Amino acid sequence: MSSLPRRAKVQVQDVVLKDEFSSFSELSSASEEDDKEDSAWEPQKKVPRSRKQPPPKESKPKRMPRVKKNAPQISDGSEVVVVKEELNSSVAIADTALEDRKNKLDTVQTLKTAKTKQKCAAQPHTVRRTKKLKVEEETSKASNLEGESNSSETPSTSTVWGGTCKKEENDDDFTFGQSALKKIKTETYPQGQPVKFPANANSTKEEVEMNWDMVQVLSERTNIEPWVCANIIRLFNDDNTIPFIIRYRKELINNLDADSLREVQQTLEELRAVAKKVHSTIQKIKKEGKMSECLLKAMLNCKTFEELEHVSAPYKTGSKGTKAQRARQLGLEGAARALLEKPGELSLLSYIRPDVKGLSTLQDIEIGVQHILADMIAKDKDTLDFIRNLCQKRHVCIQSSLAKVSSKKVNEKDVDKFLLYQHFSCNIRNIHHHQILAINRGENLKVLTVKVNISDGVKDEFCRWCIQNRWRPRSFARPELMKILYNSLNDSFKRLIYPLLCREFRAKLTSDAEKESVMMFGRNLRQLLLTSPVPGRTLMGVDPGYKHGCKLAIISPTSQILHTDVVYLHCGQGFREAEKIKTLLLNFNCSTVVIGNGTACRETEAYFADLIMKNYFAPLDVVYCIVSEAGASIYSVSPEANKEMPGLDPNLRSAVSIARRVQDPLAELVKIEPKHIGVGMYQHDVSQTLLKATLDSVVEECVSFVGVDINICSEVLLRHIAGLNANRAKNIIEWREKNGPFINREQLKKVKGLGPKSFQQCAGFIRINQDYIRTFCSQQTETSGQIQGVAVTSSADVEVTNEKQGKKKSKTAVNVLLKPNPLDQTCIHPESYDIAMRFLSSIGGTLYEVGKPEMQQKINSFLEKEGMEKIAERLQTTVHTLQVIIDGLSQPESFDFRTDFDKPDFKRSIVCLEDLQIGTVLTGKVENATLFGIFVDIGVGKSGLIPIRNVTEAKLSKTKKRRSLGLGPGERVEVQVLNIDIPRSRITLDLIRVL
């Protein structure tokens, strides 16, 4: 559907037992007698291919069967029954033979204790492996993945499985409930090899069990290998954050990026929501006494909300009942089953009851039988699977047209906006995501009418398949009975199956479009947050305006407010105000002006460009840039802004925020709610819950990967670090204010509310500037003489005691020696400090050389000599962990990976729309990226659009060729003008290259 590339799915064996559950045909039986009488008939289906059994070994005449320990003794001629004890149960459940005993599912009291009987083939004197429908819960007490209770940090909690990949037989099982070393598939993967999870890790046991395996379904929907999905589920179950997983558990997720990991997380939450909804619906139907075994099976098979709605709709409270239910209540289900099983013995005349409504005439009886058959067909699993597969191969299109409503009810402007979709038709496999969102918006505004069109060939082939295969009577049926069956098929398709398919198609298209829109918003937000900062400059922020003037704010290189003012540039006082601006720039030695892109931006830009061209600010070489002021006005009146800038007018706060967005974009933009930054598409039409979760996750990812200096960062920035929240950030700031700066990372354990898990998640993303600490330590040495030199904090420096505090849970009190650790300024996690020290010893380096050129030279020469894999094996760690250690030791103390991103585009002159000509080549900055094109600011007051068809991989550098096609807000591009529509202020551009 989307033109964007998808990951290739690796073929694996089925995780779920091949258990074709019985069809939905027995739903809502009229009585127990009817069920018993007609239970022998089932729709025709292909007989499953039985597993080949090895011939039983012939026992010797004089030899008794060998009795194994803890196994029942088996006499000659009897079949072996495998006995398996369920967890937390004192009763053993016997597995029945696959060929002889197939029937009923045990009655379930509660969904959480429901277990499906396992089946195995009979074989004398041997215990066969049993198929598992659901993932078993591990019997041993699972401890946390990271060993939170340990006082000393462990180097790593995951190891690469270095053994030979074993090729499993086709009939082997694939489960995640037992030893990962035995059960995880081991195929050749392009990015990595399967990595075993620690034996003490939590299993993938789900709270609500279904008739499908969570790992397998998650793998199918995300196109990610099952062993990776199993590891991801365990990681999320252990409350690990995405930034922590991406950086420190990369080997467990096969090098997935943050977007892919976030997609898996969202899909997992959706599946769990469906399972919980199924559970609650089952409990509700049970209370009403309407539950049957077939209905329970059908509901446990549901994987989407649409499937659950289709199955449970007739059983909702207050429902009048379906036509099929009313026919069953009249006792016609036996006739419907007889038509399929024994049509020669069926006499519909015997069902006539003149005094009963619905049975008074032969026609009423035929209609009742037709409704029952239609319901059976529409709820049969194999039938629905066939029609879904058939639709995937045939032409199914979505159509939209202008709604037939009076012009008074619809705004004419809205009608013009949807001109492209008033006579629109497209195959559902080819339609773009933004088109789906546009059609949905038009439908919500009652401008468009939307329908899904399934070709007639689908219906014809479906009916032919039903008559000849699935629903074919078992013996000769008279013409009048075949007519009823034909009518039932047509009625089932038109009244039940077709609407269900339409709902499923629309829901799937909308869900995919919303997810892609949210992901695009997240990519744009990440690109904007990671804009390269412009440190070390004094900046003037300008919030443009007409009547109320332009608000000015001058900030220092450390973001301190130096001066604020208001000038009126567009009220005939421009020349007089120019002198004031020049005086301010000269007094504060400021040569950079930052203009917000709001009201009067174009006029303000022209004003400064004219003064710069006249060299009015000499001797200063003044330049200016335009930045987005989205969200600045909302932030200026927020409690955070009032706390940060008390007593300052909200309008002037906006000017301060605009200037700081250039000096440190990340630190300023995190103060604003992400959805107000305005770099998305149809953001008000998508799920707000999904949007907020995704954007908050992107902010956490960006802040964590950039890192924060814990001794100078703000509370707002700190709360977005992985593992922290508003309360923990507040406690950290309070501890810092009370006890002074943090000397090392170990002191974080002394902060209230920061437990072992929170410390594990946040420690690697928190930096402690060593220059700042050395200055502080030297001052402390002069006064107390407690700190001497620089030492490494190790487990020996930490004393751990358990102190009980009244009735509260005992909390570990950590007494940390106040010794700086140069590794605390790096991205190396404390759990890997021991490995880092051993690596330093191997290369002959010291902690004093961290981040210096000498360290880089030693590392490079050692790597050339030994190689990464050999070094990792010697240090008993993974290649990914070793790479993090190498990066941390070699990167300079002031390293900021945002410097690789584009900086704001500083200008000295302005160009008008009328000055453009077709073919003109310009440089511009990406303003927003959508699913249909890229908006680029080329400095003419109106953004131009690069259609998505003009953004090809050939025009991108190798580093830019990623899923988002490498274009996001802030990136500089070279474009060519293709078309200019001055009346509509539209500019069409072609991408030449990314600068």
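Using the three backbone atoms N, Cα and C, a Cβ is placed for every residue, glycine included.
According to Swiss-Prot, the protein carries these features:
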type	residues	note
COILED	258-288	coiled coil
COMPBIAS	146-159	compositional bias 'Low complexity'
CROSSLNK	Lys84	SUMO2 cross-link
CROSSLNK	Lys134	SUMO2 cross-link
CROSSLNK	Lys166	SUMO2 cross-link
CROSSLNK	Lys167	SUMO2 cross-link
CROSSLNK	Lys183	SUMO2 cross-link
CROSSLNK	Lys185	SUMO2 cross-link
CROSSLNK	Lys185	SUMO1 cross-link
CROSSLNK	Lys955	SUMO2 cross-link
DOMAIN	919-992	domain 'S1 motif'
MOD_RES	Ser861	phosphoserine
MOD_RES	Ser964	phosphoserine
REGION	23-81	region 'Disordered'
REGION	120-165	region 'Disordered'
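In the structure shown, the C-beta of Lys955 has more C-beta neighbours within 10 angstroms than that of any other entry among the recorded positions Ser861, Lys955. The DSSP secondary structure for Lys955 (SUMO2 cross-link) is helix. In this model, the domain 'S1 motif' (919-992) carries an average pLDDT of 79. Taking CA atoms as the reference points, Lys955 (SUMO2 cross-link) and Ser861 (phosphoserine) are 37 Å apart.
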